[in-house]
Amino acid sequence: SSNALQTPSLPVPPVILLLDTAIPRHSWCIPFSVDGNPVPDIHWLFNGTALVEGPYIHTLIMEYEHNSTVLHGCLQLNRPTHVNNGNYTLVVENALGWASRTRNSSLEGPVETTDEHTFGVSVAVALAVFACLSLSVMLILLNKCGRRSKFGINPVLAQEDDLAMSLHFMNLGSSPLSSAESKLEGLKSNFIENPQYFCNACVHHVQRRDIVLKWELGEGAFGKVFLAECYNLLPEQEKMLVAVKALKEVTESARLDFQREAELLTVLQHEHIVKFYGVCTEGEPLIMVFEYMKHGDLNRFLRSHGPDPRGPLALGHMLHIATQIASGMVYLASLHFVHRDLATRNCLVGHDLVVKIGDFGMSRDIYSTDYYRVGGRTMLPIRWMPPESILYRKFTTESDIWSFGVVLWEIFTYGKQPWYQLSNTEAIECITQGRELERPRTCPSEVYAIMQSCWQREPQQRQPIKEIHSRLQALVKTPPVYLDILG
Ligand code: ADP
């Protein structure tokens, strides 16, 4: 598929896709695969100092992947002895940045560490840096350059130094930890990119005595979510059921974020965005009041309606769910609002299979394995992210379209985790190499074609969400008959 191909003209900061322990061939080989455009320069360190290549040790490029910027090679070691055992660090760099990874080549348990940075430096600076003789000095210089100038790749990187370490993740592994802080971090980024959606004094206030808590519905990163009765909310009803989110942490900055999220939620109003009624800020905890969606989040809903337990959802139901989320996304895109975290866990299901987009923050404790912690507090839903978000932290309406394709895949797999068979690092490798999620067993080819139109590598090639919505609407009206095998 065209997605598997990397457009050669697309600039790609260097990435190390693979670095293995030495294997005996004719001579010994430390295999590696790297990507980058322009083609990255390759250097090695042995036990931390520059490795001088010569007839006995040299880099050999074995293969250029067809129609892609990926190359595979070996560090060839001719008749090595025990003095060659140690840490081999591969350093790749081009004008956009550098990356490094270390492998211990002795046979007792390889250790791998990674350190990758992205930055934008002019070719002139890069050339000047290349001129440096000592690699270690060079690395320090590059690091400094990286911090100073990040222009040319993505303006967002320049704003968020912490976030800019977008390739810092390779050695972190999955971190099940999640905290309100990381969630706040996510929200802040969302606000930075969607600054126009704040209004002063537009948020509706509910009195505390009008809220009567019933029981807990769930726990989010911000705090607990309760079912409650709310009095005097709407003129036509004396009391009604609502879901209230109570903010557990009330630091000054959490209060500010709370206020901003409330302002944002007040502005976003659509039949497929969960209704936000207002806040209660008398004393503590701070509370947000939402419409109650009785079937909870869509991921849990899908899992409980999978093939085994209570009879599966039919194709028509799945298409209906997908169309509603697409409709909410058309609305967000029309406002130029970038969601950044579209996933079934962030959608809610009400009566009659009404589905709404229901969460504009980032992570959630019970789904923490869906996120990948980078550089300390930032958690990323990498399995839902397109290559440009993973590589450059670029989040746009088009990256939301990619995530929508993954949401479609989740729906047709009854809520499986994308790339569930892979670790975070492996998933990142697959996505950035252009591998696609497979067609779910129950998914008609017409629907899989929609997913694939969301997963075009070039953001501009992805089908606009409006057109995807129309395609889904058409399928809801005339579902592909032959596949209704399960229903
Ligand atoms: P947070 O955004 O703080 O992470 P969530 O919105 O994820 O919190 O809420 C946690 C859980 O509470 C969800 O998984 C869902 O089951 C439940 N929940 C949240 N909002 C509602 C709602 N409006 N109606 C019904 N259940 C809800």
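One is the number of the first residue shown, and numbering goes on along the chain from there.
The backbone N, Cα and C atoms fix where each Cβ goes, and this holds for glycine too.
These come from TrEMBL:
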- 119-142: transmembrane segment (TRANSMEM)
- 211-472: domain 'Protein kinase' (DOMAIN)
- Lys245, Arg345: ATP binding site (BINDING)
- Asn346, Asp359: Mg(2+) binding site (BINDING)
Listed in sequence order, the residues of the same chain lying six or more positions from Lys245 (ATP binding site) whose CB sits under 8 Å from its CB are Gly220, Phe222, Gly223, Lys224, Val225, Ile287, Met288, Phe290
Could you state the CA-to-CA distance between Arg345 (ATP binding site) and Asp359 (Mg(2+) binding site) to the nearest Å?
9
Indicate the candidate from Arg345, Asn346, Asp359 with the smallest number of other Cβ atoms within 10 Å of its Cβ, considering only these binding-site residues.
Asp359
May I ask you to report the DSSP-based helix, strand or coil state of Asn346 (Mg(2+) binding site)?
helix
On average, residues of the domain 'Protein kinase' (211-472) score a pLDDT of 89
